[in-house]
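Please read the structure below before turning to the comments.
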């Protein structure tokens, strides 16, 4: 045995029978310091600290370099390991050999394995296997089709290459295992990917989750059978079948001994929303014990703990607490070590010519997965762009595949070259698919072009549909008070859709529940029982004036707005009411602030398919909790002019019909200010006349006109009236460049609320505020098809108009807002419109919304 030993290194490295051996002192843990002549890299603990530091520095540097490509963290960690491996750094420098000596890699790999085990256990706890019972036909067909075609394509490609170009190097029976696992799409991998892409609760996300669950369940069963059959063929014995029996015995112990023990520990927590520290430590010890049993019966400890996590109840409190306590150490600190080590184990320079044939088999398997997902998706009527996105999602790989590949190399099923090919294919496929999916799929594309119903056009429908969003029980009473103030009646009833929004903590997949009044189990599952009961009691109190439907959505905060907007579109609501992100105390100070709720509100304001209202509740300050318990409830509407103010005024008039509500409409008029909008947009008197207000209701409406010169005057007038109202209603967009708001835009805390809304929300006013925005005006909708416009000499020529009627009308309204366009020529082509009705309607819309009717000429060719 020949040993190498540098002068300063107190260890020896050499080869014994083809295996690399390391001889070093076992008691060298802590360095004595360079003052006593000790080299820190002769001791295990300093080396471990240096290795972890280098791993995190390189990993995060790689993450920021690849950030423009929007790569997932696991891919960047593997790429960091490849960079530090034989491909770049280790090939040209001895630095890696010094920091990652062979003897220390065992310790580092042990930490990485522990991180993998904890990470997979936490992932397993967040998964609810009972969802397999509710998987529909669409997800089942797509999942099975992708699995079978991927396996068939890979097997045919391997057979074809073996026939036309036989090689001395063969995978043997092990190729079946490679093809079986490579054709599986892992459910934990897909849920993590969808969360990173912020599409977990989108339509494609809700389809990808059960589809991957079908593929994963079938893949686990297929891999278990094939792996043991392969061992039997290699050993020519039935011992692997005996191993299967032992493995099933281990899983029986897991389900009937360890699982009841954890549930028993949870039952002894007085506070069901939290777990005691001693109980958390006991559960973690059971996880380690389960991993030990798994290793004893021949199963990988990480996969054993993953199944253990699957057997436990998902969601809070267990999933939430374990994610908080184990997630940082396991997933955030130790698991990246495992990913980087896997990248370090790759050896791209050692690949030979025969590697091309194996790589072709792997690539053809990905092609089979893509086609097997795409074709049934198109068959079920999924749009082509969404089908492509789903197919790419199902081709992505992650932690489960990485762990399986590493295990295979450790137990000699595959060698280092095939391991390198599998890792490189995984990185390239997932790395390229991720930005393409971000480009192809936008959940808001489904509802952004939708021309929603507003309060103004609800007059013709004799009914109001309101979607109210509830984050916690503190929002219930203000929302019920608002609904009662909206004056529901049997002739003009209100349909209320109550959406309870909960953060997706302790669960892997997003959940949207539509509650059935005859089924209380859904309420308990959604932990919304108190909220549901409160609104049901209000429905009974209303005696048919209010009809309530309940929804509960578990979703990440970053994409929670998609559930809100999708429900608003599907249920054709007129307005969405969301609570403000601040909570006030009784003394007028801000008691709590929730940035995540503000983020949701901003997205809803930008993308909602209907009108939006933000309810700023200060009932704790003025002492009036409910309009149902007081004889007089004073409402004010501040009118500056604009479409949003018309929407706000419309709702104010509806409230004024309530027997306990008196309304004051305050019109802030800028002194000597004349705008194009004054000629286009009707004032509040015209809106009152068009609303059909009776003479009896008019007696409850007080109209005031305040002449102001700038924003300071406007603020002064509001300050003088602040004690006279319980609720103030304002719009968002007002007259452009109006002196009435001059100076109020220099400092803005909540710009999404508009000028007046921001001032009323940020200051210490005692009254509550309802901020309203017109769904047709608040956000220019992106075109579903390109529109070619030419501007020549201040003349706008609309060369091509959309075939979508709703968007065409909205586009004309948008174009009519620009006063510097003197003329619009709408060119109608026979290939676009089947008849002239739509063209005539476009002309009428433009005339109704033109800012300068006398300067605008409309011609039709």
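Heads up, the Cβ atoms here are built off N, Cα and C, so glycines get one too.
Annotation comment: TrEMBL describes 56-436 as domain 'Cation/H+ exchanger transmembrane'. Residues annotated as domain 'Cation/H(+) antiporter central' in TrEMBL: 497-620. The domain 'Cation/H(+) antiporter C-terminal' annotation in TrEMBL covers 633-769. What TrEMBL lists as transmembrane segment is 43-66, 78-100, 106-127, 139-161, 173-195, 207-230, 242-266, 278-298, 318-339, 360-382, 388-408, 420-441.
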Local confidence of the domain 'Cation/H(+) antiporter central' (497-620) - pLDDT mean: 85
Tertiary contacts of the transmembrane segment (139-161), as residues 6+ beyond its ends and Cβ separation under 8 Å: 171, 175-176, 178-180, 182-185, 207, 210-215, 218-219, 357, 360-362, 364-369, 371-373, 375-377, 380, 390, 394
Contact between the transmembrane segment (173-195) and the transmembrane segment (360-382) (3 or more Cβ pairs under 8 Å, separation 6+): yes
Any contact, the transmembrane segment (388-408) to the transmembrane segment (106-127), with at least 3 Cβ pairs under 8 A: yes
Same-chain residue ranges lying at least 6 outside the transmembrane segment (278-298) that approach it to Cβ under 8 Å: 117-118, 121, 243, 246-247, 249-250, 253-254, 258, 261-262, 265-266, 268-269, 304-305, 308, 318, 321-322, 325-326
Recorded stretches the transmembrane segment (106-127) and the transmembrane segment (420-441) touching, at least 3 CB pairs under 8 Å: no
Outside the transmembrane segment (242-266), six or more residues from its ends: residues with CB under 8 Å to it: 224, 228, 231, 275, 279, 282-283, 286, 289-290, 293-294, 297-299, 304, 307-308, 311-313, 317-318
